[in-house]
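Participant: Here it is, the structure, as structure tokens.
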Amino acid sequence: MSNTTVLLDKKTTEIIKATVPVLKEHGEAITKHFYKILLENNPELKNVFNQTNQRKGAQSKALANTVYAAAANIEKLEEILPHVKQIAHKHVSLNIKPEQYPIVGKYLLIAIKEVLGDAATDEIIEAWEKAYFVIADIFISVEKEMYNEKKNQIGGWTGFRDFKVIKKVKESKEITSFYLKPDDNLPITTFIPGQYITIKAQIESEAYVHLRQYSLSTAPGKDYYRISVKREASNQPIGVVSNYLHTSVEVGSVLPISAPAGDFILDERDHRPLVLISGGVGLTPIMSMLESVVEHQPNRNVVFIHAAKSIDHQAMRKRVSEIAKSKEQVKQYVVYSNPTNRTDGDKQGYIDYEWLKEVIPTKDAAFYLCGPKPFMSAINNDLQNMNIAQNDIHMELFGPLEPIAK
């Protein structure tokens, strides 16, 4: 990566560094305008970008954070490589192509000029054009490597491949699992617990294709994939695809999906105790990790903590209980915020610092968190207050990348 940075001369680098305060102040306004003009002039890209995230402003905020990070680290772009890889996983799952980068660059530069006005001099625009293509080349290089890796794996593929629903199981009041096997009956690639697939939902009533990522919710090594989807409110934009899956997709339905991707992954080389903490549908990648660790690391101590509204909202409750009862090294704790009965669960209300201290046996452990952003932010703060090293805390947020740790 350091080889790419030499393509930027000293003058360009200094100009980019000088714009960092401007990006901090106006970055989100620039990226909001960028998406507006990009999609107005390239409506076919609405088939790629999540329109719900566009309406909520989440995508523009995530892009603003990325642009700011790149500018702030323009002399040492290797510092943002973990962030680049995280985004690249998402890009590969969406089948983003190298030829789309110049289109994005064109409208990003237009947005910078139109939002900043006279402050965006020709010199600044020229510097950002150079910087953008250096950064784009880094993404393209990382993504090319990922595409090649997927293509060359046994059962691997790039782009989208048709899978047939072979089983549909209602797991709770809101969550249903879909078991998927390739329509061509050929092998499928394995995955690392915690990864996701992207579904291409072609809904008759919708003008554009919807692409959605769903975590794989079982251990790898099977001849099928399983996703477990929460049905969102049908009157909300966020619920378009989940309602389609719950109401219109049945056994025999065919769904195009991309190969597994994502960097929220279980490190099976680590033999320290494992603490898995999930909230709501954040259970799905955590369940994959639990299933995998009891299969491949049967002697590893595991603390499984799950927060749900009630017993009716807790997906895969019986399976987790079976594991905890049959595996002495697995300890299960369930917290209900709105329990049906006073005796339900190990705790009523919410996970808090004092309770967490009691159920976590050691600080020297690997922690994996998944759930709503406020949930993860609170748990992360509690763990840091317990002096857990940030490097030992791994988190997955469904949706555009946003900072969680303070």
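Cβ from N, Cα, C; glycine included.
Dumping what Swiss-Prot says about this protein:
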- His91: heme b binding site (BINDING)
- Tyr196, Arg212, Gln213, Tyr214, Ser215, Leu397, Phe398, Gly399, Pro400: FAD binding site (BINDING)
- Gly280, Val281, Gly282, Leu283, Thr284, Pro285: NADP(+) binding site (BINDING)
- 6-144: domain 'Globin' (DOMAIN)
- 158-267: domain 'FAD-binding FR-type' (DOMAIN)
- Tyr35: site 'Involved in heme-bound ligand stabilization and O-O bond activation' (SITE)
- Lys90: site 'Influences the redox potential of the prosthetic heme and FAD groups' (SITE)
- Glu396: site 'Influences the redox potential of the prosthetic heme and FAD groups' (SITE)
Participant: Just name the most isolated of the binding-site residues Gly280, Pro285, going by other Cβ atoms within 10 Å of its Cβ.
Facilitator: Gly280
Participant: Within 10 Å of Gln213 (FAD binding site) (Cα-Cα), which of the recorded positions Tyr35, His91, Gly280?
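Facilitator: Within 10 Å Cα-Cα: none.
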Participant: Which ones are near Ser215 (FAD binding site): of the recorded positions Lys90, Gly280, Gly282, which have a Cα within 10 Å?
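Facilitator: Matched recorded positions: Gly282, sequence order.
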Participant: Can you break down the domain 'Globin' (6-144) into helix, strand and coil residue counts using DSSP?
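Facilitator: Counting residues per DSSP class in the domain 'Globin' (6-144), I get 119 helix, 0 strand, 20 coil.
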Participant: Between the recorded positions Tyr35, Tyr196, Phe398, whose Cβ has more other Cβ atoms within 10 Å than any of the rest?
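Facilitator: Checking each of Tyr35, Tyr196, Phe398, the winner is Tyr196.
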Participant: Going by DSSP, how much of the domain 'FAD-binding FR-type' (158-267) is helix, how much is strand and how much is coil, in residues?
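Facilitator: Across the domain 'FAD-binding FR-type' (158-267), DSSP assigns the residues as follows: 12 helix, 42 strand, 56 coil.
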Participant: Name, in the order they occur in the sequence, the residues of the same chain whose CB lies under 8 A from the CB of Thr284 (NADP(+) binding site) and which sit 6 or more residues away.
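Facilitator: In sequence order, Tyr214, Ser215, Leu216, Ser217, Ile227, Ser228, Cys370 meet the Cβ cut-off.
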Participant: Just to confirm my parser: what is the rounded mean pLDDT across the domain 'FAD-binding FR-type' (158-267)?
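Facilitator: For the domain 'FAD-binding FR-type' (158-267), the model's average pLDDT rounds to 94.
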Participant: Within 10 Å of Glu396 (site 'Influences the redox potential of the prosthetic heme and FAD groups') by C-alpha distance: pick out those among the binding-site residues His91, Tyr196, Val281, Gly282, Leu283, Pro285, and say none if nothing qualifies.
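Facilitator: Near Glu396 (site 'Influences the redox potential of the prosthetic heme and FAD groups'), where near means Cα within 10 Å, the binding-site residues are Gly282, Pro285.
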